[in-house]
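Following this message is one structure expressed as structure tokens.
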Amino acid sequence: MGNRNILKLLLSFLKIGLFTFGGGYAMIPLIQREMVEKHQWITSDELLEMVAISESTPGPIAVNIATFVGYRVGGILGSFCATVGVILPAFFIIVVISLAIKKFENLKMVRYGFMGIRAGVLALICKALVSMYRECGKNPFSYIVMAATFILVAFLNVNVLTVLIMCAGVGLIYYSVIRGKTK
């Protein structure tokens with residue numbers, strides 16, 4: 001990847017970092033649009049795999065996704081640029097907010113603005129969910145795994161990494177049995 005594309009990668013993640021409110025999950029649709037649709041640097045399947053890996057590794061999912069995508073697109077330099085790009089906007093926004101928060105935190109307009117941001121973030125997360133669902137296998141086994149995963153994480157508070165490892169194991173066993181029947 002040339003220096004020009006590394007610069008495009010950095011600028012893309014600066015833009016993603018600047019316009020993402022609500023954490024890494026809200027970032028997924030923006031990454032999909034920039035990396036998959038606009039630049040075609042990765043495929044939807046690769047993004048889905050990177051999201052799964054990013055959820056199971058330590059650290060913020062936004063940083064993990066940026067690091068994985070950057071590495072896939074531009075190696076170590078791409079990884080560094082994507083990570084810096086996604087972190088810098090949040091860093092500067094936090095610095096500015098921390099300097100001004102005492103003056104504005106009690107203003108109704110500010111509280112309503114953040115309520116609107118939260119609603120928008122929820123919509124972005126739902127959009128990411130729909131996009132990822134479209135890429136997922138649609139058979140009874142997949143639906144059972146999705147439902148079980150949701151219940152384990154949302155209601156039983158089982159660690160996400162533990163659930164992902166369990167899903168991988170169940171998937172390997174299931175598909176090796178299915179593959180064994182079709183040989």
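For all residues, glycine too, the Cβ spot is worked out from N, Cα and C.
Feature list, courtesy of TrEMBL:
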- 12-31: transmembrane segment (TRANSMEM)
- 76-100: transmembrane segment (TRANSMEM)
- 112-130: transmembrane segment (TRANSMEM)
- 142-175: transmembrane segment (TRANSMEM)
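Give me the structural setting of these features: burial, nearby parts and distances.
Long-range contacts of the transmembrane segment (12-31) within the same chain: residues 39, 47, 51, 54, 60-66, 69-70, 81-90, 117-118, 120-122, 124-125, 127-128, 131-132, each at least 6 residues beyond the stretch ends and with a Cβ under 8 Å from a Cβ of the stretch.
Packing against the transmembrane segment (76-100) from elsewhere in the chain are residues 1, 6, 9-14, 16-18, 27, 62-63, 66-70: each is 6 or more residues past its ends and has a CB under 8 Å from a CB in it.
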If we skip the immediate neighbours and take only residues 6+ beyond the ends of the transmembrane segment (142-175), which ones have a Cβ under 8 Å from one of its Cβ atoms?
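The answer is 52, 55-56, 136.
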